[in-house]
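First up is the structure itself, then whatever we jot down about it.
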Amino acid sequence: MKDITLVLLAAGDSTRFKAPFKKQWIRIGEIPLWQYVAKDLSQKCDFSDIIIVANEKEISYMKKIERNFKYAKGGKLRQNSLANALKKVKSEFVFVSDTARAEISKDLIGRLINECEKFDCVSPFLGVVDTTYLGRNQIDRNDLKLIQTPQISRANLLKKALESNEIFTDDSAAVAFAGGKLGFVEGDEKARKITFTSDLAHFDFTPASGTIFTGNGFDVHAFAKGEFITLGGVKIPCEYSLVGHSDADAAIHALMDAILGACGLGDIGELFPDTDDSFKGIDSKILLQKVVNFVHLLGFKIINADITIIAQKPKISPYKEKMCEILSEILQTSRVNVKASTTEKLGFVGRVEGVAAIASANLGYFDWRKF
């Protein structure tokens, strides 16, 4: 078997996909598309290594899902992403594909591999069947090729090509620039690319699992002298303030940890460390929106949230409805509940030294069939 590394590109922003989630994070049953594609390709070819190129913020989460792959940070352009992956490639050949090209046949893979010894880069192509013009001049359609992915190249030559400052549209253009020999094989009409949500109708994917994920969070902040405290996004007039790096909204902090916990994304200290001055005094609603946006991109929707605020003073009940209204808008669900409790004058809460909050959240996968 030839020495070939699979590089799967999954760092795109899915701008044209027009959904709350990135296409690489749609769930095929329980697994995200990038993992589904990588495993499907690995069953059709015995790759010496598999490297996933992804957004830097998503890599740590990907590693929790799939520990048998290697990961490389995505770049500004496709070729920057590929160059980052090539630093980890030790094989003679590299097989580069896109997560969006979700169903590659074993026959197409075989055609590419069978030709790779003869050329420096081999690409699949589709012929043009329609009459074609360039401006006002008709072109012989037999001279035209519509290039698809995946492509297989000699790794060292592709690395060399990408060291230049030229902009390349694909691997074949880069290898040609470096003086390499190009080969072409018959492509596959069925090797569709997912660009828009409507493209998903062409794939016979298993729908996203209906699994529910539950997380919980807890937070405490101490009182200082002041004029108001902020809880659940609502300013509550009182003789106190809350001490913290941000606005010390314990209710929202507990809620964020509950959401992150449900997804297995760590805690808010990892996302928004108190050593980062950009978060000094920040409105916690802004941080919550960032958390919601992030879990949405990863394919999760928030089903419901339940928060208990524990405070001897001030009275929380008059503000619960407004808290629910604010949080429902951010979470994009009406299923938000806020409760108030005391400790019957026991402990630091009973001594009016601070407040605590407990939160639970249930999340599920977006049903991509509805988009």
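Any Cβ shown, glycine's included, is placed from N, Cα and C.
Since this is a predicted model, take the numbers as computed values, not measurements.
According to Swiss-Prot, the feature region '2-C-methyl-D-erythritol 4-phosphate cytidylyltransferase' maps to 1-212.
For Arg16 (among others), the entry in Swiss-Prot reads site 'Transition state stabilizer', with the evidence type sequence analysis. Shown in sequence order, Thr195, Phe196 are the residues of the chain, 6+ apart in sequence, with a C-beta less than 8 angstroms from the C-beta of Arg16 (site 'Transition state stabilizer').
The local packing around Lys23 (site 'Transition state stabilizer'), expressed as other Cβ atoms within 10 Å of its Cβ over all shown chains, amounts to 27. A helical conformation is recorded for Lys23 (site 'Transition state stabilizer') in the three-state DSSP classification. The annotation site 'Transition state stabilizer' is assigned in Swiss-Prot to Lys23 (among others) on the grounds of sequence analysis.
Cβ neighbours of Arg141 (site 'Positions MEP for the nucleophilic attack') (same chain, under 8 Å, six or more residues apart in sequence): Gly127, Val128, Val129, Asp130, Thr131, Thr132. Swiss-Prot lists Arg141 (among others) with the feature site 'Positions MEP for the nucleophilic attack'.
What Swiss-Prot records for Lys193 (among others) is site 'Positions MEP for the nucleophilic attack'. Listed in sequence order, Asp98, Ala100, Arg101, Asp199 are the same-chain residues at least 6 apart in sequence whose CB falls under 8 Å from the CB of Lys193 (site 'Positions MEP for the nucleophilic attack'). Annotation note: Lys193 (site 'Positions MEP for the nucleophilic attack') sits in a coil segment as assigned by DSSP.
Taken from Swiss-Prot, the feature region '2-C-methyl-D-erythritol 2,4-cyclodiphosphate synthase' applies to 213-371, supported by sequence analysis. Per-residue pLDDT, averaged across the region '2-C-methyl-D-erythritol 2,4-cyclodiphosphate synthase' (213-371), gives 97.
Residues within less than 8 Å, Cβ to Cβ, of His253 (divalent metal cation binding site) and separated from it by at least 6 positions along the same chain comprise Gly217, Asp219, Ser246, Ile268, Ser284, Ala357. In three-state terms derived from DSSP, His253 (divalent metal cation binding site) belongs to a helical segment. The annotation divalent metal cation binding site is assigned in Swiss-Prot to Asp219, His221, His253.
If you draw a 10 Å sphere around the CB of Asp276 (4-CDP-2-C-methyl-D-erythritol 2-phosphate binding site), it holds 11 other CB atoms from the protein chains shown. According to Swiss-Prot, the feature 4-CDP-2-C-methyl-D-erythritol 2-phosphate binding site maps to 219-221, 245-246, 267-269, 272-276, 341-344, Phe348, Arg351.
According to Swiss-Prot, the site 'Transition state stabilizer' annotation covers His245 (among others). In the three-state DSSP scheme, His245 (4-CDP-2-C-methyl-D-erythritol 2-phosphate binding site) is classed as coil.
Under a cutoff of 8 A between CB atoms, and with a sequence separation of 6+ in the same chain, the neighbours of Thr342 (site 'Transition state stabilizer') are Ile310, Ala311, Gln312, Val349, Gly350. Under the heading site 'Transition state stabilizer', Swiss-Prot lists Thr342 (among others), citing sequence analysis as support.
Taking the C-alpha positions, the distance from Asp276 (4-CDP-2-C-methyl-D-erythritol 2-phosphate binding site) to His221 (divalent metal cation binding site) comes to 19 Å. Of all the binding-site residues listed (His221, His245, Arg351), Arg351 has the fewest other CB atoms within 10 A of its CB. Of the listed binding-site residues, namely Asp219, Thr343, the sparsest CB environment within 10 A is found at Thr343. Ile268 (4-CDP-2-C-methyl-D-erythritol 2-phosphate binding site) is surrounded by 26 other CB atoms, counting those within 10 A of its CB over all protein chains shown.
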